[in-house]
Structures are given as C-alpha cells and as structure tokens.
Amino acid sequence: MHLVKTVLAASLFLSAAAQAHNVLDFPQPENNPQEFYAVTEIPTGGIIKYETDAKTGFIIADRFQSMPVAYPANYGSLTQSLAGDGDPLDVVFYTRAPMAPGTLIKLRAIGVLKMIDGGEKDDKIIAVPASKIDPTYDDIKNISDLPHIEQERLQAFFRVYKQLPDGRKKVELNGFNDADAAKQEIKQAWDAWKAKNPQ
C-alpha cells in the first residue's frame, strides 16, 4: 500500500511538473497584432516592481519604488515577444479595476510611448482590454482618444520613476506614436520571438 501511495504521489508530481509552463510562452491569438496577450506584473496603484522571470515564468519582486509615485495603470509583458532590449515587450494598460500580478489578459493596442532607458530603446505599448474582456474602452481606438490628462500622467510617471536612488539609468521620453505604430512593434517583437524559438 505504501508503494502504491508513493508511486501515485510521484505520478501526480510529474504530471504537475509536465503541466507547468512559462507564462511568457503563452500563445498569441491568431489576430495578433490586432489583439494580443500580456501577463500582468504590476497593478494600477502599485509601488512594487514585479517582473516575470524569463527562464521560469515566475513573478518575482524586483524592488520597491524609491520615488513616491505609484503606477498610473497596470504594467506587464507581452507573451511570446522579444523587444529591442532583449526582454519581452512592455505594456501599460488600463482596466476598471487593478489586475492581479500573474494574470493573463487579452488587450488591444492604442499607441506606444517612445522611451530610451540607459541608452537602450525601451518603448511601452499602451493598451486597453479587448472588447470581449471589457467593452468599456471600445471608443478608445488611438492614443489621441485617451484623455489628455492620462497621457500626461503616463509621461510624468515614467519621467521620474527612476530618479531615486541616485545613479539609476537615465530615462528619456520621446512622446507617443499611434496604434498602427504600436501594432508594428508588437508584430516585430512576436516575429523576433518566433525566430529565436522555432517550432
């Protein structure tokens, strides 16, 4: 009986291990880049910088914000993507309630915040939920449809969020590009991921 329990426990463990997948490998929808999946890392209002570990897919606490500012929207990474800095493509997205870290969500791009971080391109896709997830944002098709104060909040946050402690990488903002430019970046990042991970 003990042997049966041991074998059963081992089987369950191996089964769970086989089912465990890196969330960053979650497949993109067929209509990408019109819609895309991202994993939530930081909820709206958060002051803890969480990151998805690229090797394991686990969400880890990277650091607490030293600057007294909170994230103005949810923050995460596109699955199956590889940006110019070698990391998954970043996304900032709006929802009616903060999203839990580790949650996958289907989004729609409305623009891109052009950003240089420590001399490297580090653009942020700006997005809203896909209509099936929440039709609240259906009228926001482009970054110009987002209230101007929200655009200012985003830029203000990313302008200062790394100012403390001293010695952090310098951030340079270069304004917004539209939804079409964002979709182009998403496609490039997806193509780069597929080239590195041939099926």
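Each residue's number is its place along the chain shown, starting with 1.
Every residue, even glycine, has its Cβ placed from backbone N, Cα and C.
TrEMBL has this to say about the protein:
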type	residues	note
SIGNAL	1-20	signal peptide
BINDING	Lys49, Arg63, Tyr75, Tyr161	substrate binding site
BINDING	Asp85, Asp90, Asp122	Mg(2+) 1 binding site
BINDING	Asp90	Mg(2+) 2 binding site
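All features noted in TrEMBL, drawn onto the structure.
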residue : record                 : contacts (Cβ under 8 Å, 6+ apart)
Lys49   : substrate binding site : Ile42, Ala61, Asp62, Arg63, Phe64, Gln65
Tyr75   : substrate binding site : Thr40, Glu41, Ile42, Gly46, Asp90, Val91, Val92, Phe93
Asp85   : Mg(2+) 1 binding site  : Asp117, Glu120, Lys121, Asp122
Tyr161  : substrate binding site : Gln65, Met67, Val69, Val171
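Note: the Mg(2+) 1 site is recorded as Asp85, Asp90, Asp122; in the same chain, Ala83, Gly84, Asp87, Leu89, Met115, Asp117, Glu120, Lys121, Asp123, Lys124 also have Cβ atoms within 8 Å of that site's Cβ centroid. Listed in chain order, the residues near the substrate site other than Lys49, Arg63, Tyr75, Tyr161 are Ile42, Gly46, Ile48, Tyr50, Asp62, Gln65, Tyr71, each with its Cβ within 8 Å of the site Cβ centroid. Among the record's substrate binders, Lys49, Arg63, Tyr75, Tyr161, no two C-alpha atoms are more than 15 Å apart, and one pair sits at exactly that spread.
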